[in-house]
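Inspection log for the structure reproduced underneath, given as structure tokens.
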Amino acid sequence: MTKFKRILIKLSGEALAGSKGVGFDYNTVMSVVEQLKQLVEQGTEIAVVIGGGNFWRGRSSEQMDRTKADQIGMLATVMNALYTAEICRSQGLNAVVQTPFQIGTMTEVFTKEKAIHYITNNTVVFFAGGTGHPFFSTDTGAALRGCEIEVDALLFAKNIDGVYDSDPKLNPSAKKFDQLTCKEILDKDLKVIDGTAASLCMEQKLPILVFGLNIENSIIKAVSGENIGTLITN
Ligand code: UDP
């Protein structure tokens with residue numbers, strides 16, 4: 001019996017890259033896909049948002065126009081979703097990619113109704129292209145789509161096993177939080193999710209679980225309600 005019935009999983013682009021840091025790490029993606037398959041077979045309804053940081057992040061220089069840089073970033077998220085959805089299909093798990101804008105026949109344009117139809121029929125939906133607008137992040141895209149399709153929780157799978165009061169790579173005595181509120185994230189300016197996403201989750205009372213993707217079966221454990229990572233509530 002799982003704790004959450006309908007979830008949206010946000011994977012950072014870098015998490016997909018594994019230890020390489022760029023591009024895809026096949027074993028990491030396979031491990032994610034195997035967990036998604038097991039969860040769908042158990043009746044969990046799953047949407048996925050993948051960042052783009054393994055291909056592109058922000059501007060390459062101060063001279064570069066932010067809107068153009070962000071458009072490249074949004075397209076990087078489409079590559080990640082197309083790749084991971086294809087690995088799902090190769091493993092016998094139905095998957096579709098929806099974007100907020102048209103990209104010919106490569107993806108479908110997002111609608112709430114179609115997305116809910118898919119996830120309630122054993123199909124994983126990848127929301128690529130973020131919000132479709134520059135000056136936003138895939139964290140915000142994940143929070144927005146999570147609210148729209150009425151998920152029970154947002155699951156943020158990261159390269160780090162939860163939320164800390166400072167960077168544990170720089171500060172060996174950094175303290176990990178078991179639980180936090182969105183307001184604390186905003187007040188303490190913790191960099192775990194961006195402020196726009198935290199505000200939306202606070203307003204909509206959407207819980208967020210932040211955990212490490214590299215822990216074995218971490219997605220399954222998170223959906224089952226095991227005490228991994230940091231739970232962010234209102
Ligand atoms: N992006 C955007 N609007 C959105 C979502 C993403 O412009 O709604 C762009 C932005 O340039 C961002 C990039 O896509 O830097 C990749 O997304 P993100 O940084 O959230 O990826 P992650 O850090 O999770 O890999």
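Glycine residues also receive a Cβ, built from the backbone N, Cα and C atoms like all the rest.
Given the structure is predicted, the values throughout are model-derived calculations rather than measurements.
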Per TrEMBL, the range holding region 'Involved in allosteric activation by GTP', considering 18-23, 60-65, 66-71, 168-173: 18-23
TrEMBL annotation, UMP site containing D70, T131, G132, H133, P134, F135, F136, S137, T138 - matching residue among G52, G146: G52
Among K10, N159, D167, the binding-site residues whose C-beta sits under 6 Å from ligand 1: none
The region 'Involved in allosteric activation by GTP' (18-23): DSSP-derived helix, strand, coil residue counts: 3 helix, 0 strand, 3 coil
Within the predicted model, mean pLDDT of the domain 'Aspartate/glutamate/uridylate kinase' (5-211): 95
CB-centroid shell, 8 A cutoff, UMP site G52, D70, T131, G132, H133, P134, F135, F136, S137, T138, site residues removed: G73, M74, G130, T140, G141
Densest Cβ neighbourhood among K10, H133 (binding-site residues), 10 Å radius: K10
Recorded UMP site residues G52, D70, T131, G132, H133, P134, F135, F136, S137, T138, farthest C-alpha pair in Å: 14
